[in-house]
Amino acid sequence: MGLFGKTQEKPPKELVNEWSLKIRKEMRVVDRQIRDIQREEEKVKRSVKDAAKKGQKEVCVVLAKEMIRSRKAVSKLYASKAHMNSVLMGMKNQLAVLRVAGSLQKSTEVMKAMQSLVKIPEIQATMRELSKEMMKAGIIEEMLEDTFESMDDQEEMEEAAEMEIDRILFEITAGALGKAPSKVTDALPEPEPAGAMAASEGDEEDDEEDLEAMQSRLATLRS
């Protein structure tokens with residue numbers, strides 16, 4: 001559909017500038033989410049070290065899986081920033097074309113970037129809105145419905161490879177959990193003597209509550 005196929009409330013240049021502002025705003029949101037997840041990851045690292053000292057192998061594995069999920073989430077957020085940069089570059093090109101041709105043009109680069117961005121849950125709503133506006137303006141073509149579906153790889157992350165879990169544990173404990181790339185079935189370091197390991201049943205319950213709270217915080221940050 002061409003730019004002037006339907007009545008436009010705003011001129012093309014204003015539309016492009018508005019889209020660029022929205023993209024930059026979402027990039028700041030993504031940056032903030034990355035920082036929040038990474039801060040929480042540092043807390044998880046400390047918890048892994050504490051659990052290793054107490055000989056809590058299962059807790060270590062659970063926390064390592066949380067770190068894997070968090071790192072995958074951060075990687076996706078960084079990828080989304082790259083796509084948003086591509087869209088911003090596309091917007092600059094549109095302004096250049098607008099000055100010469102007097103109208104906006106279709107852009108396969110912007111189309112590809114937007115197809116990826118509408119799959120990112122953290123920014124999905126804004127990207128859908130922008131996509132619809134860009135379709136009306138004729139910059140991108142209508143996207144298939146399945147491109148709007150949120151990608152849920154929770155199951156995949158639940159089955160994180162043992163090698164990756166072991167690598168995380170080896171990294172955090174500086175090799176205290178065995179030698180890389182050994183499996184997580186390797187014995188943990190001997191528990192600390194006497195007082196340190198004479199934890200009461202109440203302490204164990206507190207540990208479980210702390211673990212659940214940490215998992216909940218990470219899940220909230222990733223969603």
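For all residues, glycine too, the Cβ spot is worked out from N, Cα and C.
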Which one of SER47, SER75, SER131, SER200 gets the tag phosphoserine in Swiss-Prot?
SER200
Among the recorded sites listed here (VAL48, ARG217), identify the one with the smallest other-Cβ count within 10 Å.
ARG217
Secondary structure composition of the region 'Important for autoinhibitory function' (59-64) [DSSP: H/G/I, E/B, coil]:
6 helix, 0 strand, 0 coil
